[in-house]
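Scroll down for the structure; my scribbles are underneath it.
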């Protein structure tokens, strides 16, 4: 094989297309696994673990809640070390191994404690994949194409969260338990192949650091003992070394939290995950009790949110790149508030004349589709805002976050906020649905939406985000 053929093979393995595909596939798989377990949990609890159906809501809440709980301390630790390492590939492979072990423990359901251990492993590995995957994605896209990259990946992330329940519900009802689990296990295998295929190129911040070190070493080894008088090279090398050694005057988190928009961004992420996890916790039992639905239709109801979001995500990303985040996000949250409230209306109580018959079920599906359309303007807004803040700060001072950059720590902030929502969502909605009913759970989510809308209007950027020169490339 010629050197040219080898070079061509390595070039596609270094391509940004493969990096974006691998990162997006990893994010899709992790989110698929989170949503996949939702319709199948009652079967696992009642049939495989042989527990009393009276405990189904409690164990559903706990098994969804524990994923967020373990992610809260894990995210900042993973983000810190991910920014210190020179490789994105190795942390992704480690997270995938943990995900595989955790998924097998959950699928086998040998005992209650083994399922909990499996969920903990899934939580830690999912956190790692989320942080490093998003950092890899933004490194490849650059801030110039950030909106398009997040819009593209957002479509697949949405597909992961919401196609998981559809596939698990349908496969469980039509083909059986292990046929359902074959899908996520196959996805994990594909992720392994994609991650092994990547040949990493060093990031610009690492190249800069290496160049400084090489210049300093060359100067020390090859320069004469007495440099020529007035030499500018010595001064430049010394200046570069000093610049590389000078740490930021403030820590990463102190710098980020000095911006009011940071708090609004993290609140958006938390509110989003609260609502997603709240639905996952309460919808399956509500639809089974009120409408008598089986696993397949319960899983398919999530298509009402998935399909509009997938279609509109690239347009929303383009819109954010052009006009900023404030108005799309604020309107998205504001318009979704009445829809969240109305989702709790159809049912056996015949509230407002909307019962549990064909009329009530049609109204519920229509409200779900409405949420999918409106929520396209909300998805990923917090992550986009936080990343924009980071890029703006780095544009002002490229060394502000040190040689490792701040991408991984930025996404550890979003992951921590997302994890907090994964804890609060099941706790609040599960408790309200158990004690008072599904209507009160959705009313609480509507209140969360109001708060997120106000914070977005007050703090989000009302301008296009910082741009990079054309030479920086993109997707």
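Cβ from N, Cα, C; glycine included.
Listed ranges 120-137, 210-227; the one TrEMBL annotates as transmembrane segment is 120-137. Which of 44-62, 63-81 counts as transmembrane segment depends on TrEMBL, and there it is 63-81.
With pairs at least 6 apart in sequence, the transmembrane segment (18-43) and the transmembrane segment (178-198) have 3 or more Cβ pairs within the 8 Å limit; the two touch. The transmembrane segment (331-348) makes no contact with the transmembrane segment (416-433): fewer than 3 of their CB pairs lie within 8 A, with pairs spaced 6 or more apart in sequence. Note: the stretches the transmembrane segment (299-319) and the transmembrane segment (360-378) are in contact (3+ CB pairs below 8 A, sequence gap of 6 or more). Contact between the transmembrane segment (416-433) and the transmembrane segment (260-279) is supported by 3 or more Cβ pairs under 8 Å, counting only residues 6 or more apart in sequence. Stretch with the most C-beta contacts under 8 angstroms to the transmembrane segment (439-460), considering only 63-81, 260-279, 360-378: 260-279.
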